[in-house]
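What follows is one structure encoded as structure tokens, with my remarks underneath.
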Amino acid sequence: MNTIPLRQTSLRNLHLLLRSAPRFVQDQFRPQSTTPSVNPTEVSHFNALASTWWDPNGSSRLLHLMNPLRHDFIQACHASQPVPPSSSNLKFLDIGCGGGIFAESVARLRSTGSVTAIDPSPEVLAIAKGHARRDPGLQGKLTYLNTSIEGLLPPKSIEEQYDVLSLFEVIEHITHPAEFLDSCTPFVKPGGWVVMSTIARTWASWLTTKVVAEDLIGIVPRGTHDWDKYIDEDELRGHFLKERGWNSPQVMGVVYVPGLGWKKVPCSEKAGNYFFGIRRDE
Amino acid sequence: MNPLQNALRARQLGPYVCSRCTKQMRHQRRCYVTSTAPSIPEIYDVVCVGGGPAGLSLLTALRSSPATSNLKVALIESQSLTPTSNFSLPAPQFSNRCSSLTPASVQFLDRIGAWKHVDRERVQPYEEMQVWDGVSGARIEFLWPQGEKGKTIAYMNENSNLTSGLLRRLDELGGVNVFEGEKVGDIAMGEDGKGLDLRGWPVISLKGGRKLAARLLVGADGQNSPVRQFSGIGSRGWDYGRHGVVATLQLETVGADDGKVAYQRFLPTGPVAMLPLPGNHATLVWSTKPEFAAHLTTLGTRDFMAMVNAAFRLSPVDLKFMHTMQKSQAGELAWREEHTTFDKLRIPASVIGVQEGSIASFPLKLRHADTYIGERVALVGDAAHTVHPLAGQGLNQGQGDVESLVKTIKYAVTHGQDIGVHMSLEPYNAERYAQNNLLMGVVDKLHKLYAVESGPVVPLRSLGLKAVNALGPLKHFLMSQAAGTGVKIL
């Protein structure tokens with residue numbers, strides 16, 4: 001087996017992650033593909049899910065239901081700025097766009113100028129492209145690319161950078177989250193945001209996402225989640241705030257209540273699903 | 001580039017139309033499109049079929065809200081809108097198609113800027129209701145408690161007054177493509193073009209040849225809604241075996257100084273209601289057996305007035321007999337009135353005139369669609385539900401639907417959702433269906449309860465009515481519900 005040397009900086013920032021994640025340690029020593037952020041088993045898992053991505057009553061229903069909250073969260077991030085962002089022509093980069101649930105929705109907003117959405121799975125991206133053809137309003141605003149972040153040419157100027165880089169339900173599927181986040185940095189405009197949502201690594205999230213959602217009720221396909229890869233909010237905060245040129249971290253905990261849908265619950269970021277946003281220094 | 005793409009690009013597709021088009025739309029007021037029909041559908045965000053109160057309120061609400069004012073909207077109405085637009089009757093005349101508008105509906109119409117365009121001289125608020133059992137005489141008086149005296153229960157208004165007000169507001173707002181006097185020929189799913197896949201979009205073909213593709217197709221097209229039929233949504237219910245007789249009446253007196261009163265008497269054949277209009281006018285809604293209704297509409301003015309006065313005064317037995325008389329009901333009433341005791345203060349003033357040509361009759365039914373939404377389809381107003389007129393809730397339910405649907409669309413737009421997909425529309429159905437179903441159930445049960453002429457039900461329902469009358473808080477609750485200002489029970 002090839003061993004990949006870990007960089008010192010990553011080690012320093014990942015020590016919290018590694019402490020309780022034995023699977024993760026193994027992943028560190030797996031052979032690296034050409035797109036290092038992407039895990040091949042994850043890609044094939046989502047390939048298999050591609051056909052049900054846009055079925056509102058299918059396995060992605062929870063994601064569809066969560067989507068409006070993503071917009072609420074981005075609005076909250078923007079509202080926290082001392083000077084509000086432009087109300088038009090915002091540029092979005094959606095990484096791990098999947099079937100395009102978020103990418104399509106953000107492209108529809110009046111304040112959005114353009115959306116670039118990328119995903120490493122060709123099958124999933126084909127679904128996304130096919131679905132976008134069904135909405136004439138998306139033409140010219142939304143571009144899908146079958147690539148990982150490593151395959152994307154880094155912006156050469158501020159004009160090419162993005163106002164918002166989104167990583168929704170992505171980071172928990174990434175093999176090397178710290179390096180991955182570092183590779184995202186050049187894409188974000190000074191004063192722009194990285195927004196993400198993921199799941200805290202707690203007994204509660206293990207119970208709800210693995211045991212209940214996947215095994216007992218089956219609302220989420222088995223194997224969707226890898227609990228060992230879940231990341232806590234303070235780990236993300238620590239990663240960004242340690243001499244990295246980021247400020248104003250924002251967090252919003254959400255809980256799925258059957259019959260009511262996703263609800264914002266203060267402090268629930270400590271237990272389960274949460275949104276995290278951080279602003280790049282101007 | 002292929003011609004389809006070119007054509008579509010030129011038209012600037014989209015949910016949230018480009019700034020050039022928005023400017024253009026602001027400039028064109030209500031544009032009446034007359035150009036020749038293209039074979040490629042024009043793309044709209046909302047196509048509303050039906051230009052009645054529900055459809056016009058929907059478009060007005062969408063146009064007046066900043067969040068939804070960028071949506072590209074169209075109205076298809078099979079009739080010409082010009083007569084409605086220019087609605088006016090000489091001062092003492094009133095249309096026989098009136099509805100009671102609850103304060104909640106009026107508040108909504110005010111918020112969307114339409115209420116100020118309604119001719120207020122023709123609107124009559126009322127502050128009191130007198131409801132009684134025609135068989136037992138048990139009565140319930142809906143009066144507001146001292147502190148809330150003079151609070152409006154509802155506003156009687158001609159439907160045309162409302163629709164013309166809405167049209168004036170729409171004219172002021174502009175930006176609606178109106179296809180009036182155009183019938184819907186066919187609704188089918190779109191096609192998969194090269195750049196665009198419209199297989200999930202309903203395409204409405206007008207008889208004139210024009211084609212409109214709708215992100216969201218709204219059926220505000222009445223009881224027999226073609227939109228509902230296209231979407232395969234079933235509608236269930238029954239006919240009451242009753243007809244509603246309407247007329248515009250002139251009364252002996254203007255009524256009490258301290259406010260107007262609505263009267264309703266439950267007769268075994270159905271309820272008869274007299275609702276106040278401005279001055280000494282009132283509108284009649286009398287639901288009765290079809291044969292009685294047919295006969296009523298053929299009577300001479302004097303005899304018709306006698307029948308209406310008898311309906312609020314005589315016993316059901318006397319009234320039944322008078323229904324069978326070929327003519328001279330007027331003389332019969334004079335004789336029978338002398339031998340019947342009734343409280344003059346708690347019944348409407350005598351009818352002394354009927355507006356010429358205002359007597360009409362229509363069948364009463366209950367219908368409820370199985371759901372109000374489908375993929376890229378939403379139903380509002382009578383297309384979704386038809387209710388017995390006894391509680392005066394039909395039009396208000398439609399306004400409630402519109403308010404809820406617009407709220408749902410607004411949320412979808414601000415959250416980047418496709419406003420047409422089932423998932424985006426779910427909150428509308430969830431909010432309105434149960435609420436309407438409950439109201440329709442209550443109204444239906446009331447009708448059936450009072451259709452009983454004898455037996456143990458009569459004293460029981462009278463006891464119930466008397467008990468409600470004695471219980472202040474319960475009555476207050478019922479009045480608030482009728483006014484649409486109470487706590488939502490669902």
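These residue numbers are counts, starting from 1, taken along the chain as shown.
Note: Cβ is positioned from N, Cα and C throughout, glycine not excepted.
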Binding-site annotation, TrEMBL, S-adenosyl-L-methionine: partner of A:R70, A:G96, A:F168 in A:D55, A:D119, A:D182:
A:D119
Recorded S-adenosyl-L-methionine binding residues, A:R70, A:G96, A:D119, A:F168 - maximal Cα separation rounded to whole Å:
18
When the Cα-Cα distance from A:E169 (Mg(2+) binding site) is computed for each of the binding-site residues A:R70, A:G96, A:D119, which gives the smallest value?
A:G96
Please identify which of A:D119, A:E172 has the densest Cβ environment, defined as other Cβ atoms within 10 Å, among these binding-site residues.
A:D119
Taking DSSP three-state, what's A:R70 (S-adenosyl-L-methionine binding site) in: helix, strand or coil?
helix
Do me a favour and check the Cα-Cα span between A:R70 (S-adenosyl-L-methionine binding site) and A:E172 (Mg(2+) binding site); whole Å is fine.
17
Suppose the Mg(2+) site is A:E169, A:E172, A:H173. Which further residues of the same chain have a Cβ inside 8 angstroms of that site's Cβ centroid?
A:G96, A:V170, A:I171, A:I174, A:T198, A:I199, A:H225, A:K229
With every protein chain in view, how many other Cβ atoms are within 10 Å of the Cβ of A:H173 (Mg(2+) binding site)?
22
With every protein chain in view, how many other Cβ atoms are within 10 Å of the Cβ of A:E169 (Mg(2+) binding site)?
21
Give me the count of other Cβ atoms within 10 A of the Cβ belonging to A:R70 (S-adenosyl-L-methionine binding site).
24
